[in-house]
Amino acid sequence: MGSVCMRLWAYLQPFLPCWSQEADKSVVIENPGAYCPPEANRSQGQYFVALFDYEARTAEDLSFHAGDKLQVLDTSHEGWWLARHLEKKGPGLGQQLQGYIPSNYVAEDRSLQAEPWFFGAIKRADAEKQLLYSENQTGAFLIRESESQKGDFSLSVLDEGVVKHYRIRRLDEGGFFLTRRKTFSTLNEFVNYYTTTSDGLCVKLEKPCLKIQVPTPFDLSYKTVDQWEIDRNSIQLLKRLGSGQFGEVWEGLWNNTTPVAVKTLKPGSMDPNDFLREAQIMKSLRHPKLIQLYAVCTLEDPIYIITELMRHGSLQEYLQNDGGSKIRLTQQVDMAAQVASGMAYLESQNYIHRDLAARNVLVGEHNIYKVADFGLARVFKVDNEDIYESKHEIKLPVKWTAPEAIRTNKFSIKSDVWSFGILLYEIITYGKMPYSGMTGAQVIHMLGQNYRLPQPSNCPEQFYSIMMECWNVEPKQRPTFETLHWKLEDYFEPDSSYSDTNNFIN
């Protein structure tokens, strides 16, 4: 029971306020990514170090490079701080020495968060994925907060294509150790020592793991924090990415600087007032596995919805185009785990998606998957044989919708769990249509007979059992997304193990 509580705390901690860490016409909010901004002291002149490169999006922004030193002057704008660059001749900075910066791109100077090897509260599976990027070599390493032991840390090291993990334990009197015969006052001392000798590790520490997953700023710029409706002339449509019954999706450019995705909606596909009411809620939802809404243009047709750009399109297309040639079970489970992570956040916010499906999950660089279009099902107007229209004018994609939602028009996070089970079917079958050959009416009839999709031929029993849990006829008996996330994170390692330093001591 204790371990469950610790895992629950480790899961919830990232969603608590970040006390532990952490032009232009335009838009709204964006996703904070995997890094939470530090708490800045309101006093003038606090010093910070840049964790990532940032190129100014507006004339008021400040460009900088990873490792640059910055003096923060004002933190009154949420997500955007006024800062001064302390290195006057930084490459590519020109004459701009003061401006606004995204707060989740910096950490307080000389803090643990500022160290290139510290990755914060990422999970074991994510540590492995990042270390296994081809850009990293043997000896690449990172230190992260322990998932199971609050206040402790874990060391993850790449050794000839295999990631090994070590518990960094604390001394009662302060300090850290792997083995008690060698202790350290600080983590910096720990890292400095093991970069000179392996001494119990599988390999000597070399370069820190590259931080390839760059967080997304909270908004397009500091001026757009409180703006919602933007001038459509600030948006350029560059390349059509796809089309559907609601309209088209384009790759676009905001303010001649920032790549975005733009949904252009067919006239009459939604009521602008209904959408804006829903959008006020949607824009406040921030999580690394959710597509964050940036802005809208609703004053004339076509309505524009501006979001973060995910260059590989929908998960449905991604799966269908691959057809199993490269994607294997490990990546399929990772897809499902990332979606479950985003949905667990919506669950924690008491928010319901209503249209969870592979077509509404987007694929980015480095195998990143994010949930999109949450909440939009309430405002779209559709006419399709596979859509169930209730007497209350709620439209349902029948093949993804829970029986009780079809029957009573009552949605809950548990009806989203049912849809997640259908999404798992799409993932494991490389994007096949569920209930292939059946009409929406036939599906409704079969569900009434307690029919469930059969186990696909290439689907492991363990994966199918998770699907079946999602399709429990009793909504209350379906797992939470929090539980689904844990199950998928631990799919290949139900008993997480750490390497023993004694195995490597000569």
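Each Cβ is built from the backbone N, Cα and C atoms, and glycine gets one as well.
Swiss-Prot lists 43-111 with the feature domain 'SH3'.
Residues or ranges marked as domain 'SH2' in Swiss-Prot (evidence: sequence analysis): 117-209.
Residues annotated as phosphothreonine in Swiss-Prot, with similarity to another entry given as evidence: Thr179. There are 14 other CB atoms within 10 A of the CB of Thr179 (phosphothreonine), with all protein chains counted.
Residues or ranges marked as domain 'Protein kinase' in Swiss-Prot: 235-492.
Look at Swiss-Prot and you will find Leu241, Gly242, Ser243, Gly244, Gln245, Phe246, Gly247, Glu248, Val249, Lys263 tagged as ATP binding site, backed by sequence analysis. Just so you know, the Cβ of Val249 (ATP binding site) picks up 22 other Cβ atoms within 10 Å once every protein chain is counted. The DSSP secondary structure for Val249 (ATP binding site) is strand.
Secondary structure at Asp355 (active site, proton acceptor), as computed by DSSP, is coil. What Swiss-Prot lists as active site, proton acceptor is Asp355, and the listing cites sequence analysis.
What Swiss-Prot lists as phosphotyrosine is Tyr388, and the listing cites similarity to another entry.
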Can we call the domain 'SH2' (117-209) and the domain 'Protein kinase' (235-492) in contact, meaning three or more C-beta pairs below 8 angstroms at a sequence separation of 6+?
yes
Residue distribution over DSSP helix, strand and coil in the domain 'SH3' (43-111):
3 helix, 31 strand, 35 coil
Name the one residue among Leu241, Ser243, Val249, Asp355 whose Cα is closest in three-dimensional space to that of Thr179 (phosphothreonine); these are the recorded positions.
Asp355
Would you mind reading off the Cα separation of Ser243 (ATP binding site) from Asp355 (active site, proton acceptor), to the nearest angstrom?
18
Quick check on the domain 'SH2' (117-209): DSSP residue counts for helix, strand, coil, in that order please.
16 helix, 30 strand, 47 coil
Please work out the number of neighbouring Cβ atoms within 10 Å of the Cβ of Ser243 (ATP binding site), leaving out its own Cβ.
12
